[in-house]
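Per TrEMBL, the features are as follows:
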COMPBIAS  1-11  compositional bias 'Basic and acidic residues'
REGION    1-215  region 'Disordered'
COMPBIAS  19-71  compositional bias 'Acidic residues'
COMPBIAS  73-90  compositional bias 'Polar residues'
COMPBIAS  104-122  compositional bias 'Basic and acidic residues'
COMPBIAS  131-140  compositional bias 'Basic and acidic residues'
COMPBIAS  181-195  compositional bias 'Basic and acidic residues'
COMPBIAS  198-210  compositional bias 'Polar residues'
COMPBIAS  312-334  compositional bias 'Basic and acidic residues'
REGION    312-341  region 'Disordered'
């Protein structure tokens, strides 16, 4: 067996001879500077050391017992080069466990760098269309020159829109309808007088009569009056209570509509008369006076009573008096209602 192998197996034995250990330490100190320069050679020697360690493990216990007595003689004949080789093998074995942790850290760090690079590439790809639109908007001259030179591969239109305000792009493979307009014909224009311009609209509850439309559709009022007469005649012939109730309700509704229309006409007549008077006063140099809605209703009510006969006027006055009295009673306490009744 080689002396280097024996020395590597029995590392603790040289403690019996301190003088030789001092010489070995001095040799090691002299050769420390050469270790840094011979890193490549040590890597090759480490491979052979691994083989030596495997062979060392196969040594039997009998060999160990026989070698204990001859250690001193063998050490005296070992050269410093063999001792240095043995020391390098032992130090490499001790450092192997400490080198595994830095290697794992290096692998993790490389993986992290790779992930960061992938994320940066994705972020750059997403920001490319936005940057192109900004540059085209900021520098229109440059965009015109680029368009004249023709589109390049990088500037090819993408499937996604560059802006949410841009129109949506559609592929040319989209199927087009087979229906074609061969002959254009004029469309029918349906006219509804209810949706004509404002001067021609008929009067409503929220709008005074305009004059033109009411005169054009005055025949509708005649239709309503004849319909009321027909309903009254049918009411006389009807015997069922439910039918009588429904007919009376319908007749009252139609009569109220006619009364409301007549009231609107009276108010419009009051406004038109007052407007004519104010025009004459303005020509004289006076300021115009505009009637309030309350004053318009009061004057319209006066005109209503003027057109009534004596008995009809008394009935209307009595009806209004009862209505006002009932309204006052509802506001009284219960005790005062009994006394007033």
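Cβ atoms here come from the backbone N, Cα and C positions, even for glycine.
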**Asked** In the compositional bias 'Basic and acidic residues' (312-334), how many residues does DSSP put in helix, strand and coil?
**Response** 21 helix, 0 strand, 2 coil
**Request:** Take the compositional bias 'Basic and acidic residues' (104-122) and count its residues per DSSP category (helix H/G/I, strand E/B, coil), listing them in that order.
**Result:** 19 helix, 0 strand, 0 coil
